[in-house]
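Enquirer: Pasting a structure here, questions to come.
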Amino acid sequence: MRRLLWPLVILAALLAVNVLFTPGFFSIQVREGHLYGSLIDILRFGAPLILVALGMTLVIATGGIDLSVGSVVAISGALACLQISQDAGVFTAVVLALGLSVALGVWNGFLVANAGIQPIIATLILMVAGRGLAQLITDGQIITVNDPAFKLIGGGYLLTVPFGILLVLAVLAVTAFLTRRLALGMLIEAVGGNAEASRLAGIRARGIIVMVYAFAALCAGVAGLMISSNVSSADGNNAGLWIELDAILAVVIGGTSLAGGRFSLAGTVLGALIIQTLTTTIYSIGVPPETTLLFKALVVTVVCLLQSAAFREKVFKRRARTAGAQEVAA
Amino acid sequence: MKKERDVVMAVPEPILRMTGIGKQFPGVKALDGVDFRLLPGEVHALMGENGAGKSTLIKVLTGVHPVDTGTIDLDGVPVAFTGPLEAQRAGISTVYQEVNLCTNLSVAENIFIGREPRKRGRIDWKRMRARAAELLARLDLDLDVSAPLEAYSLAVRQMVAIARAVDIEARVLILDEPTSSLDAGEVAQLFKVMRTLKGEGIAILFVSHFLDQIYEIADRMTILRNGRRVGEYLVSELSQVELVGKMIGQELKELERLHGEAKRFDAPLVEARELGRPGAIEPFTLTIHEGEVVGLAGLLGSGRTEVARLLFGADHAGGGEIAVGGTPAALRTPRAAMGHGIAFCSEDRKADGLVPDLTVRENIILALQATRGWTRPVPREQQDALVGKYIKALKISPPHPEHLVRNLSGGNQQKVLLARWLILEPRLLILDEPTRGIDVGAKAEIQRLVVELSDGGMAVLFISAELEEVLRLSHKVGVLRDRRLVAQLPNDEELTTEVLMETIASGGRP
Amino acid sequence: MSALASRQRYLPALVTGCLFAAMFVAGGIRYEGFASGQVILNVFVDNAFLLVVAVGMTFVILTGGIDLSVGSVVALSTMIAATLMSGPGWPPYVVIPLVLLIGSGLGLVMGYIIHAFDIQPFIVTLAGMFLARGLCYTIGTESVPIEDATFTAFAQTRIDLFAEMWISPSVIIAAVVVAVAAYVLHYTRLGRAVYATGGSEQSALLMGLPVGRTKIAVYTISGFCSALGGVLLSFYMLSGYGLHAVGMELDAIAAVVIGGTLLTGGSGLLLGTVLGVLVLGLIQTIISFEGTLSSWWTKIFIGLLLFVFIVLQRLFSSRSSR
C-alpha cells in the first residue's frame, strides 16, 4: 500500500486545488437521469486512458513496452466506424474491430517473444505503419457515424452512469480477476522479475508475453471504440495520438517499474486519473491548457528521479554526509 | 607500519607485494590477513574453491574494492587504486573470462581505442593498423586487423585483449579464467603467448580451474581457502593430491555417514547415456536409482553444474540420451524435465533461482503454479497450508510468507528455493551446492532433510564442493575433473576424502 | 573470410543504396519526368531538415540510446525563431545562434540526467518531448509567420547548378552537417567512443573510455541538430508553429534504422542515414507522382521497410553472435 501513497497524495492535492478554484467541484447531480459533475467528467474523459494504461501495465510488468497502442486505438475506431457506415451492424463492427486489435497485439507479441526483437523496436513498426493503416481504412476521411447503439459505448449512459465508466470498471474487474484471482499476475511478475529463474521454474514465458501484448491491444481497441463513439466519428490521423506516452506515464506514476516485475493495477488507475485530473485542473484554474504538457514533463521527471536508485543514492549520500559532518561538528 | 620481514633468498625483488590484506563484506570476511607476491617473469597461479577469496583479492588489487586492512606495494611503492583504469595506468592489466572488449569494433581499434595514434588531430588509421599488426605479430598472431572483432573466436579475442594490455606497458597481467571456454588448440596458443610475455619479464597472475593447465604453465602458486592464505608453493614441489587437499581442506574428525546400513538399489530412475554438451561437459553415463543419493565431487568448474543442467533440460544436450523409469525421455526444456518428476535447485540463487521481488509464498508456489498454468491457480488455502508447512519444516526465518524474498538471508533464500521444489514431490531432486554460503545450523538441517527424503524413496543428485558433506550423504559418488566424469565410486568404508582427492587429482588414472 | 568481414559493415548501407537505386529506376520507368536529377535534388531540398535531425539521431542510436524529443525541439526552435524575429524584431544572426544554444542546452540536460541518474533514455527524452512541445504552446498556439527580410531572402535563395538544376542553401548546410558528423564519427576519439559505448558500455568503461561524457555529448549533438533542423524548417515553412514536425522523431528513427544502423547501438554508418532519408523522401515523391495513391501509404511503406530491416538486423546479429 505504501507504494500508492505518493500517487494518492498527488491526486488529493490536485483535487484540493480544484476545490479552491471551483467550489462546487465535488458536487454530483442527477440531471435527466444522468450523473453530472466534475468528478464524473474526469472519470468519463479519463476512461480510454485508463483502459490503455491497464493493458500497458501488464506489458511493462513483463519487462516490455508497447508503443503501438495509439495506432491500435485509431485502427479500431476506424474499422468500427467504417463497418457501421456500411450498415454492418454495431455488433459485427465491434467484434471485427476488437478482433483486428487482438490480431495486431499477437503480431507484436510474436515479434517480441518468438523473434526476440526488443519490445521498443518491435512495437515501433506498428506505431508507424498503424497510423497509415488507420487512414487506409477510413480512406483518409473522417468517417462520421450516427448510430445510437454505437454512441452508447463512449457517450451514452446506463442506469444513470456513463457507459464508459462502467466499461472501465468491467475491464478493471476482468483484469484484476485474471491477474490476482487466477495466477496470471504472479507468472507475469515472475517473468518480468527474473526471466531465467522463471524458465527454470517451468513457466512458459512466450505464451504469457504474447498474451499480454494481445491484451494491451484489446484494451487499446476498446479505448478506440470509446473515443470514436464519443465523437461519433473516426479520425485515423489524430485518434489516440500520443496516448501510448500518457499510458506509459500513468503506469510509471502508479509505481510499476519500467524494468518489469511487480505491477499495481490500482496504481495505474491512480496514475491515469492524475493525468486526467491535471488536464481538468489546468482548465479550471485558468492556466492556458497548452501548458498541460509542461506539467506532464515535470511529473515524469520528478517520478523518474524518485524511482532512480542513482538519484536516491546521491541525495541520500549527501544527506548522510551532512549529517556526519554535523556530528563531527558537534 | 609493518616491518619488512626476512628477505627470501635467491628470489628477485617482487614487482607486486600485498601484505596482510583484509576485506570485510556485510556478514562475511572475504579476506583475512592475506599475503601475496608476484615476481617478474613468472606465471603465478591463484588457487582456491568458491568463496576462497580469489576474485576478491583480484578486485582489491585492481581497485574495484578498497582494502580494509593491509598494504599493496608496486615496485616497493605503496599504491591504492580507485579502479581498474588507474591500476591499468600503473601497469596492472586484467583480462577477464568474458573478454571486455567491444566486438563491434575492429581488431586494431580494440587494441588502441582511447589511445589512437593521431596525425594533425585526426585518427591515423593507417598507422594504427600497422602498429596493431606489428604488435600481434609479436604474439605470433596473423589477423586482419581491420575486421571487426566479432568475426573471430573467443580465443583470438582473448589474445587481442592481452595484446591491448601488453601495449599499455603492462608489467602485471591478470588472466582471470581465460581458458574456461577454449579448446585444446586454443589453450596451447594462449600458453605460447603467455610464455613469450613471461620471457619479457612480465608477471602473470593466472586463475584457472584446470589442474593440468596449472601444472603445465605455472611456476608458483598461492592457495587461498575461506579468505585466508594456505601457503605459497613452487608448482614443481607440490603434488596434485597435496594441492587438492590444501584447496578443499581436511578437518580431521570422524566421518559420520548419515545413512544407515548399505542399501541395494535396483530400480533405476534416471539413466543418462553418453549425454554431453560440447564445450561444457564431455559425454557421460550415469544412473540414478530411486531412493539413492548420488554425490558429485569435483573442483569448481569441473563440470558439476553442467551435469545437473543437462539432466534438467536447462541446456540443450549436444548428444546422448536420457531414460526416465526405463523409457527414453526428451528433456529439452526444464518444463519437460519437471513433467518427468525432476527438480533442480540451482547454484546461483540470485541469477537463476529466486524472483527477488516476489514474496516467500509466491516464490515457493511458483513451480507448482507453472505446472498448472495460469488458468488454474493453486487455491489460497492450499497455498497457505503448503507454504506454512515448509516454512515450519525447513525453519524458514522470519516465518512470514508475505515477506519479500530479497530481504531474506542466504540460507533462508536457499530453503525457499528448496521448498519450491519439494512441494512438487519430485522423483529426482538435483541440489547444486545447496549448503554454500549458509550458516552451520541451516547446513545440518538441509543435510538431514536429504537423508529423510531419500529414505522416503526420492532420488537425490547432491553437488557440493565439500567432500566431507558428499561422503556423509551419498550412496555413490561421481568424480569430475576438467569437464569429465572420471569415476563413479560406491560410498563404502574404503572411500575417504583422501581417496576422493586422489581421484580428483589423478583424474581417475591409475 | 576476414577480408569479407571487414567490409561487412558497409553491407547494410549498400542494401539501402540498392533499394534507393531500384526505387529510382522503377519510378523512372513508370512516371514521365521522374528520371531527372532535379527529382533527386528535390528530395534533398524537401528533406534537408530531416537529414540534419537524423544525423543527430544517428549519434544517439549508435550509443544504444534513443531521443524522442527531436520533433518537439524542432518545433520549439521554429517557434522561438519566429517569435523573436517577428515580435521584438531581433535580427537572424542573433536569433539563430540563440536557438542553436537552447537546443544544445536541452540535449545537454537530458544527457546529463540519463547518465547521472541512470534513467532510461526513452523516458527522459519523453519528458523532454513534453517539455519542448509544452514550451511551444506556452509561447503561442498560433502559427507565427516569419517576415524578416534577410531571413526570407536567404530562405528563398536558389543556388543554380548546371543544366537548370538547383538546390536551396539548406541543402548545403545539411551537407556540411553530414560531412562534419562523418568526420567526427570516423576520425575523432569522440566518434570512436560513440561506437564503443554502443557496442558494450561495460567494456568501454573498462577500456578507459569516457562513457559518461560520450553519452552526454551525443544527446547534446542531437539537441543541436534538432535546433538546426528547426532553423532549416523555418527556412522551408517561413513560420514558427507548435504543431510543426509532429512525429518527426519517428521519421528520424525510421531513417536511421532503414539506413542500417543497429537500434541496439554500436554499428552503422552516417552514409546509411543519408540513404535512409533519401529512401523516405523518394517514397513520398513516388506517391505524389502516382497521384491516385494517398499520402498514408507513405506510413505503411515506411512501416514495412522498418519491419524488413529490423528482421534483417535480427537475423544478422543472431548469426554473428553465434
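A Cβ is built for glycine as well, from the same backbone N, Cα and C atoms used for every other residue.
Unlike curated entries, TrEMBL annotations are predicted automatically.
Note that the coordinates shown come from a computational prediction; the quantities given were computed from them, not determined experimentally.
This is the feature table in TrEMBL:
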type: TRANSMEM; residues: C:12-31; note: transmembrane segment
type: TRANSMEM; residues: C:43-62; note: transmembrane segment
type: TRANSMEM; residues: C:69-87; note: transmembrane segment
type: TRANSMEM; residues: C:93-114; note: transmembrane segment
type: TRANSMEM; residues: C:121-140; note: transmembrane segment
type: TRANSMEM; residues: C:166-185; note: transmembrane segment
type: TRANSMEM; residues: C:216-237; note: transmembrane segment
type: TRANSMEM; residues: C:269-289; note: transmembrane segment
type: TRANSMEM; residues: C:295-316; note: transmembrane segment
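Tell me what's around each of these sites.
Expert: Same-chain residues lying 6 or more positions outside the transmembrane segment (C:69-87) and placing a CB less than 8 Å from one of its CB atoms are 49, 53, 56-57, 94-96, 98-99, 102-103, 106-107, 110, 125-126, 128-133, 135-136, 139-140, 144-148, 151, 222-223, 225-231, 233-234, 237, 239-250, 252.
Residues 65, 67, 69, 73, 76-77, 80-81, 84-85, 120-121, 124-125, 127-128, 131-132, 215-228, 230-231 of the same chain sit 6 or more residues outside the transmembrane segment (C:93-114) yet have a Cβ under 8 Å from a Cβ within it.
Beyond the transmembrane segment (C:121-140), the same-chain residues lying 6 or more positions past its ends with a Cβ under 8 Å from any Cβ of the stretch are 60, 65-69, 71-73, 75-76, 79-80, 83, 106, 110, 113-114, 219, 241-242, 249.
Counting residues 6+ beyond its ends, the transmembrane segment (C:216-237) has Cβ neighbours under 8 Å at 46, 48-50, 52-53, 55-57, 59-60, 62-63, 65, 67, 69-71, 73-78, 81-82, 96, 99-108, 110-112, 114-115, 121, 125, 146, 151, 154-155, 168-170, 173-174, 177, 181, 190, 194, 244-245, 248 in the same chain.
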Enquirer: At a threshold of under 8 Å on Cβ distances, which of C:12-31, C:43-62, C:269-289 pairs most often with the transmembrane segment (C:166-185)?
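Expert: Comparing C:12-31, C:43-62, C:269-289: C:43-62 has the most Cβ pairs near the transmembrane segment (C:166-185).
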Enquirer: Counting Cβ pairs closer than 8 Å, which of C:12-31, C:43-62, C:269-289 has the most of them with the transmembrane segment (C:295-316)?
Expert: C:269-289
Enquirer: Could you tell me whether the transmembrane segment (C:12-31) and the transmembrane segment (C:43-62) are in contact, taking contact to mean 3+ Cβ pairs under 8 Å with a sequence separation of 6 or more?
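Expert: Since fewer than 3 Cβ pairs under 8 Å link them, the transmembrane segment (C:43-62) and the transmembrane segment (C:12-31) do not come into contact.
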Enquirer: For the transmembrane segment (C:12-31), what are the same-chain contacts with Cβ under 8 Å, counting residues 6+ beyond its ends?
Expert: 39-40, 258-261, 268-269, 271-272, 275-276, 278-279, 282-283, 285-286, 289-290, 309, 312-313, 316
